Amino acid sequence: MALSPEPSSRFLVPATMGSAMPELPGAPNASLNSSLASPTEPNSLEDLVATGTIGVVLSAMGVVGMAGNVYTLTVMCRFLHTSASMYVYVINLALADLLYLLSIPFIVATYVTKRWHFGDVGCRVLFSLDFLTMHASIFTLTLMSRERYAAVVRPLDTVQRSKGYRKVLALGTWLLALLLALPMMLAIRLVRRGHKSLCLPAWGQRTHRAYLTLLFGTSIVGPGVVIGLLYVRLARAYWLSQRSSFTQTRRLPNPRVLYLILGIVLLFWACFLPFWLWQLLAQYRGAPPLAPRSARIVNYLTTCLTYGNSCVNPFLYTLLTKNYRDYRQRSLHSRGTSGPVGVRSFPQGHTRCQLGSGRSVTSSSQQATETIALSQAVPGSLCV
């Protein structure tokens, strides 16, 4: 999140390649410290151009991203009365993006003035905010992928889950993200180094390296493995449904919804993986053999990529929810009129599924449209 001439984008890193002061690797925003020790003269033309360019780019991203996420939150709040999980999760994602983008003015102000103006509290809040929002986003995306998977292979379980259950899960993502960000919030502190103020963690470099490695696992590796497995199994379910000779019509979820969720996940990885590799390279291999100017450019690019993710996401959220609403409306319409082969229509507002064991489940149409009656995935079930 912060800017630095060293190989660090948002985390505190050991000062290298011309930095005037030693710094521990640290938290999101940490490169704000390094920006106070630019490898170019503070008033040089190169420094002014770099400062102006990055300030304009980040400010533009902030304005576009904040407007988009506020719009998304406004629209999604209108649908909170429904039982659809998608709306709860999109609100979670937009809120995380908005909180992350709100840090841009602090970064730009610090980089332009070469001074830290926000005290010890500012250090603790801004340096831990990245970890919090990063994890809240990827945990929510993992929940969304799990929900879509369950809608295909366990549709009746999905029907029976209430809106309150999904809100608890959404809240749980924030609590878990806060737990992971808490060590940085407690360890970071404002330190005077000569005439400058720096935000530095109180622990040593080994501890910090272990902490960053843990966060890389919880924000990239772990969720990546889970989401990858879910989509492999979803692809297998689709493949089996296409090859099946079963004559009863099966209602599969809108592939566009699944593709858009996967697209949001891939965008997250594309924007954050370079940043993480840049950080971990500095932790485990030391300063890369780059000139100060080159390291500064890489730092700018990785920083802009992470903010670019939150800037572009609202457009994907809009497409996602539009396709999801269209799918729900088509599902409700088809069930209320003719109904698919082998499925008997019921009065508007209810569907009834009979299990092979003789048990039955009745649910509201709002919840029913959330699920997929995939006979191949749920042996022994038949919608009547």
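From the backbone N, Cα and C atoms, a Cβ is placed for every residue, glycine too.
Residues or ranges marked as disulfide bond in Swiss-Prot (evidence: sequence analysis): CYS123-CYS199. All protein chains included, CYS123 (disulfide bond) registers 28 other Cβ atoms within 10 Å of its own Cβ.
Per Swiss-Prot, N-linked glycosylation site is recorded for ASN29 (among others).
Annotation source Swiss-Prot lists N-linked glycosylation site at ASN33 (among others), citing sequence analysis.
What Swiss-Prot lists as topological domain 'Extracellular' is 1-54 (among others), and the listing cites sequence analysis.
As annotated by Swiss-Prot, topological domain 'Cytoplasmic' applies to 78-87 (among others).
Feature annotation from Swiss-Prot assigns topological domain 'Extracellular' to 114-124 (among others); the stated evidence is sequence analysis.
The topological domain 'Cytoplasmic' annotation in Swiss-Prot covers 147-167 (among others).
If you look up Swiss-Prot, you'll see 187-209 (among others) marked as topological domain 'Extracellular'. In the predicted model, the topological domain 'Extracellular' (187-209) shows an average pLDDT of 88.
The topological domain 'Cytoplasmic' feature in Swiss-Prot is assigned to 233-259 (among others).
Summarising the annotation, Swiss-Prot assigns topological domain 'Extracellular' to 286-299 (among others) and lists sequence analysis as the type of evidence.
Per Swiss-Prot, topological domain 'Cytoplasmic' is recorded for 321-384 (among others), and the stated evidence type is sequence analysis.
The feature transmembrane segment is assigned by Swiss-Prot to 55-77 (among others), with sequence analysis given as support.
According to Swiss-Prot, the feature transmembrane segment maps to 88-113 (among others). Note on the transmembrane segment (88-113): residues 1-3, 29, 32, 35-36, 51, 54-55, 58-59, 61-62, 65-66, 69-70, 72-73, 76-77, 80, 122, 126, 129-130, 132-134, 136-137, 140-141, 143-144, 147, 163, 166-167, 170, 173-174, 264, 307, 309-311, 313-314, 317, 320-321 of its chain, located 6 or more positions outside it, place their CB under 8 angstroms from a CB of the stretch.
Residues annotated as transmembrane segment in Swiss-Prot, with sequence analysis given as evidence: 125-146 (among others).
The transmembrane segment annotation in Swiss-Prot covers 168-186 (among others). Sequence-distant contacts of the transmembrane segment (168-186) (same chain, at least 6 residues past either end, Cβ-Cβ under 8 Å): 26-28, 88-89, 91-92, 124-125, 127-129, 131-136, 139-140, 143, 201, 211, 214-215, 218.
The annotation transmembrane segment is assigned in Swiss-Prot to 210-232 (among others) on the grounds of sequence analysis.
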